[in-house]
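Here's the structure we're looking at; comments come further down.
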Amino acid sequence: MSALDELRQLRKGGAQVRKGDNRAAFWFLAPWFAGLLLITVGPVLASFALGFTKYNLIQPPRFIGLDNFARVLSDERLHNALRVTFTYVLVSVPLQLACALGVALLLNKGLRGLAFYRSAFYLPSLLGSSVAIAVLWTQVFGTDGLVNRVLGFFGVEGRGWISDPDTALSTLIVLNVWTFGSPMIIFLAGLRQIPEVYYEAAAIDGASRWARFRSITMPLLSPILFFTLVLQIIHAFQSFTQAFVVSGGTGGPSDSTMFYTLYLYQQGFSRFDMGYASALAWFLLLIIAAFTAVNFWAARFWVFYDD
Amino acid sequence: MTTRRVFAPLKHLGLVLIGFVMLYPVLWMVVSSLRPGDEIFRSPGLVLDGLRTENYSEGWNALTPSFGTYLLNSAVLVLGCIVGNLVSCSMAAYAFARLQFRGKRWWFGIMLGTIMLPIHVIIVPQYVLFSNIGWVNTFLPLIVPKILATDAFFVFLMVQFIRGLPRELDEAARIDGCGHPRIFLQIVLPLMTPALATTTIFTFIWTWNDFFSQLIYLTDPDMYTVPVALRSFVDSTVATSWGSQFAMSVVSLVPIFLAFLIGQRYLVKGIATTGGK
């Protein structure tokens, strides 16, 4: 069961307290409480406060009211970064999940060599977030890169995929789709949960492949599809490494790979404008929360819960 | 039945093709790193005539200190994170899975919520905090959060696992007069080794790959970890040859690949039971 399912179920079930457990829980949870306070919730609140200041780490923070938030509304480079990030998230996540589902369906049902295929498709998702793969991508989609060599072999003229602002983002989308192995594993586990008798009954009734997929597989897999979608969207919003390495930290060419996180990094850790970076961080949190809320709202139209 | 006989080989052909196209760039990188010079390097094929290791020796010593230092730094960092996660997350997980305390559902909900909290939201004030206490260019800002169980994903993973263990065992121990520390250390912990193995391998891979926080906290070349060093190597004007960049990229991926080979089973199970991060 995923973390999201747990959250859904949280309302159910009565709370009991056992004698002596309060004390024990306090000690067992002591590191976690400290982390929550100092590393997680504290900084979240602090970044909210810093958002109202001008702060460069050297001089003490100076209160400037809503200036940083007003700047969010008028900053054109930020708006471009939002466009780039939204495009990346809204194109790459559905493509990635479609590939994951497609391959999972092919691999389902006791295919011979399943374990081998599963490993081969899974491996890229472990490598995908590394700097090394970003270096590889820079070469593969470069002017003299592997893609153009292969295209040249077929007589097609290539281009500098990464140096061209029109295609640079697409290479990062391809990279994200390339890591479909991890959602594929989740889907495979979900497919295995669907009782075989449903398919047998449908087959006896003469249901076509497509009808079985639509009426059995999709509804029963939909909770898993849903939480994977939610998590992958949150995850994609946080992409940083690949854009950073491929563009040499600039978000170029012409800001075409300027992810939101990369812009935040530049403001905070290159220009040391910590106040504005904090406002950006909060804005990012709001955007992700809004996307997640929309997802939960839309879920009622397509996600099927048995309980 | 006849359709199946036709389709099965087609299906295998399709899958092999997809897998080959996906893994080709990585294979090609490995092969190319063993080719001499940049000219021959541009060949898109996988056939290798003779092994040349000069890219490796060139890349290894391209920066000061050499790549060995970065590998060692990454190893130390990874080890610290693994120990931190194993200790703190298993303790928290025991409390959430086995203890009945006041406000448990509330705290549990918060814990689940933090799994989805982007690091970018907290990194700025965290950096301010850690730089004020002089922790920049040490591994502390990267390890201490793990010791404080902030990788809530692993808490959740372990909670799931402990819930699957038979409760009769700890009930019996309790009747025999065992307190929670002993039940945790002598009964639950030994039984949850698969969850601990999953945590170890994921922590290894994620920490080894993690770039964002290491880039921010480690700015002194002596403290560089592998990803930070690799990026600095790629960016430096000294490095103009793809050969040595590829060689060091391969070096940086070898530990991940080994972890994958050894821990595959745990990785797959970990993702399947938690729904991934």
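A Cβ is built for glycine as well, from the same backbone N, Cα and C atoms used for every other residue.
Per TrEMBL, these features apply:
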- A:26-52: transmembrane segment (TRANSMEM)
- A:82-295: domain 'ABC transmembrane type-1' (DOMAIN)
- A:86-107: transmembrane segment (TRANSMEM)
- A:119-140: transmembrane segment (TRANSMEM)
- A:168-191: transmembrane segment (TRANSMEM)
- A:218-237: transmembrane segment (TRANSMEM)
- A:277-298: transmembrane segment (TRANSMEM)
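By number of Cβ pairs under 8 Å, the transmembrane segment (A:277-298) is matched best by A:218-237 from the list A:26-52, A:86-107, A:119-140, A:168-191, A:218-237.
It is A:86-107 that, among the stretches A:26-52, A:86-107, A:119-140, A:168-191, forms the most Cβ pairs under 8 Å with the transmembrane segment (A:218-237). Within its own chain, the transmembrane segment (A:168-191) is flanked in space by residues 84, 87-88, 91-93, 95-97, 99-101, 103-105, 107-108, 118, 121-126, 128-129, 133-134, 137, 141, 161-162, 217, 220-221, 224-225, 228, 232, 236, 239, 242-243, 246-247, 252-253, 256-257, which lie at least six positions past its ends and keep a Cβ under 8 Å from the stretch.
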